[in-house]
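Asks: Pasting the relevant annotations from Swiss-Prot:
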- 29-49: transmembrane segment (TRANSMEM)
- 55-75: transmembrane segment (TRANSMEM)
- 100-120: transmembrane segment (TRANSMEM)
- 151-171: transmembrane segment (TRANSMEM)
- 178-198: transmembrane segment (TRANSMEM)
- 218-240: transmembrane segment (TRANSMEM)
- 250-270: transmembrane segment (TRANSMEM)
- 295-315: transmembrane segment (TRANSMEM)
- 348-368: transmembrane segment (TRANSMEM)
- 374-394: transmembrane segment (TRANSMEM)
- 410-430: transmembrane segment (TRANSMEM)
Amino acid sequence: MEGQTPGSRGLPEKPHPATAAATLSSMGAVFILMKSALGAGLLNFPWAFSKAGGVVPAFLVELVSLVFLISGLVILGYAAAVSGQATYQGVVRGLCGPAIGKLCEACFLLNLLMISVAFLRVIGDQLEKLCDSLLSGTPPAPQPWYADQRFTLPLLSVLVILPLSAPREIAFQKYTSILGTLAACYLALVITVQYYLWPQGLVRESHPSLSPASWTSVFSVFPTICFGFQCHEAAVSIYCSMRKRSLSHWALVSVLSLLACCLIYSLTGVYGFLTFGTEVSADVLMSYPGNDMVIIVARVLFAVSIVTVYPIVLFLGRSVMQDFWRRSCLGGWGPSALADPSGLWVRMPLTILWVTVTLAMALFMPDLSEIVSIIGGISSFFIFIFPGLCLICAMGVEPIGPRVKCCLEVWGVVSVLVGTFIFGQSTAAAVWEMF
């Protein structure tokens, strides 16, 4: 029956998820996971530390979140092996049934679309600030047409982002992910060093707040952490592209990736907050003098970092549309080239459509800080709720001892409840701030 889960059929052993080519090395998987997590959220972490009321409460929230973040990645790898599916939405649909699968697809597509828009908006802002810095020596005058992000962002999208987004497999992104990870490391290093060197023109708060105003303010940073560390959407695709897919090996890859990300995020958050205190901007680079050459280089490299992570997000969003194409009647009409959704004649139009839609939205979108809470709230579905549901549903697939089974089911329930709380709290707070 359509409503049956794999657990009702019973599987003697874990099938390997179907994938075109398992060519990704362990180090490549680490870099892609890191790059998926090291996105625009890096700029928001000093602001999140300020909102939480200081270093200690924010760091504690980060450590608690890290437990669930790593757990979610491990669960997704296990669920992919059990279900035999090669995409996040396919795993959820295979284990939890078609109804939850459709909900996952809708949330997945919406979340990735908004993340892509946010990334393009960050790139556009950095390009605009970079142009302002380079033209700062000229008298005040209207901004030249070639410095307007309405020109620079579409040009960058056509010449750089679109070619990087064209490849069929996610394994290709391991090359650009190394460059993007190094760019994120440079940003963290700059913020740390700037705190100690204290360059001329830098003004910081003399006595930053070191205690939270309320528990509500502490909980309010969860969406920023979810937005920052979200790499779970890519987890299944990365796992299925790896040459070595044992669960213990995947757990090691997940732990190493998130610990490295935690170090980079923590350095950025701590020293950005200690430098500016409660006056820190939601985009920490905006708090630094615009004519500082070190900051100008950081802007360029961070824009490069976001450019390299955008294709990963596009790949995941495109996979949802390809699944829809495969299940619908669209693939059965016309030439045989259109029957394969991963083929060039289907893949490239979907890629161009995604870039065009997100670019149009980015050029008219409000300030990034206004939607981070919403994105972070939706991300809780993919970090907490769906992995928890997959773990609960997967318990009937393999023979497991009753005590271990009970413990894993309890952990799945806890994960779902925590994700539901974060989604409700962050969404309510975002709506409240809008009005």
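Heads up, residue numbers simply count up from 1 along the chain you see.
Even glycines carry a Cβ here, placed using N, Cα and C.
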Asks: Out of 100-120, 295-315, 374-394, 410-430, what stretch is closest in contact terms to the transmembrane segment (348-368), meaning most Cβ pairs under 8 angstroms?
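Replies: Of the candidates 100-120, 295-315, 374-394, 410-430, 100-120 scores highest.
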Asks: Would the transmembrane segment (151-171) count as touching the transmembrane segment (374-394), if touching means at least three Cβ pairs under 8 Å and pairs must be 6 or more apart in sequence?
Replies: no
Asks: For the transmembrane segment (178-198), name the stretch out of 100-120, 250-270, 295-315 with the most CB-CB pairs under 8 Å.
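Replies: Answer, by Cβ pair count: 295-315.
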Asks: Pairs 6 or more apart in sequence, C-beta under 8 angstroms, 3 or more of them: is that satisfied by the transmembrane segment (250-270) and the transmembrane segment (100-120)?
Replies: no
Asks: Where, among 29-49, 100-120, 295-315, 410-430, do we find the most CB pairs under 8 A to the transmembrane segment (55-75)?
Replies: 410-430
Asks: Which of 29-49, 218-240, 295-315, 374-394, 410-430 shares the most C-beta pairs under 8 angstroms with the transmembrane segment (100-120)?
Replies: 374-394
